[in-house]
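Chemist: Before I ask anything, here is the structure I am working with.
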Amino acid sequence: MCSAPYNPSDWSGGFQMDDQQQHQAPVYYGQQDMNFASYDYGAGSQPQPQQQQQQFYGAGHQPYQPQPTAVFDPYANHPAYSGQMFVPSSIGSASGGPPGDKGPSSGGDNFEDEPPLLEELGINFDHITQKTLMVLNPLKQADMEAVKDTDLAGPLVFCLAFGGALLLTGKLHFGYIYGIGVTGCLALYMLLNMMNTTTVQLTSVMSTLGYCLLPMCLLSLMAVVVSLRSLAGIILTSLTVAWCAYSSSKLFVNALSMDHQRLLVAYPCALVYGVFALLTVF
């Protein structure tokens, strides 16, 4: 038997749709079972997100709603910065008192009444100057307030100056200077405590011996340009040792009220400064 010839128009007829059918909304199969929704995109209407979720998940299901969370703000309970931090004049006005007053709750004194930082550290340039002038001029009237000041800043400077002057002559004797100085201070401390009825402070002995080292610093500077191993150098060194011993004994006698024992105090002081003189000459 023979078959009819193939005609494309016979198959295209079943797939032809008119304009009215093309503009109809598409229908999704299984809509009743799957709860799918059909939308008319040609009409220009868009489905609402909540209605869409209810259609997909069912009418009894509530979609997830994010809960608002509290955000921690560290500056919420603190006042804003007004530009008056660390200003002393604003402290009194904030507490209800006069400007510059810290107020009753601060528990401190006024800033103007506080002593200077150097004075709190025990460094008084006025006393340092007076003690230095008393050493340079032993005949000058001693200031009792400056004599009793146990300042160690000046002695430390003079020890470093003495070592630096010896370094200019090629002698590195910083260890000897501090070793001899500590030994001499301890020996004089024990000796003065045995000779005096009142207790002598170790810092007072160290301060006096350190300040009276200033003439030895001048001698070490002269050793840079002049040889001290000659007769003139030996005489100059002896005068320097006597100068140091006289100044130190005067300070000790005035500070400890030992007027009748000055020669007994000057002799051990001369021995200590004699060792420093040997370091300078040799």
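Positions of Cβ are set from backbone N, Cα and C atoms, glycine also.
Reproduced below are the annotations present in TrEMBL:
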COMPBIAS  46-55  compositional bias 'Low complexity'
DOMAIN    136-279  domain 'Yip1'
REGION    38-73  region 'Disordered'
REGION    88-116  region 'Disordered'
TRANSMEM  152-169  transmembrane segment
TRANSMEM  175-192  transmembrane segment
TRANSMEM  204-225  transmembrane segment
TRANSMEM  231-252  transmembrane segment
TRANSMEM  264-281  transmembrane segment
Chemist: For the transmembrane segment (231-252), what are the same-chain contacts with Cβ under 8 Å, counting residues 6+ beyond its ends?
Modeler: 131, 134-135, 138, 142, 147, 192, 208-209, 211-213, 215-216, 218-219, 222-223, 258, 262-263, 265-267, 269-270, 273-274, 277, 280-281
Chemist: Pull the DSSP breakdown for the domain 'Yip1' (136-279) and write it out as helix, strand, coil residue counts.
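Modeler: The counts are 112 helix, 0 strand, 32 coil.
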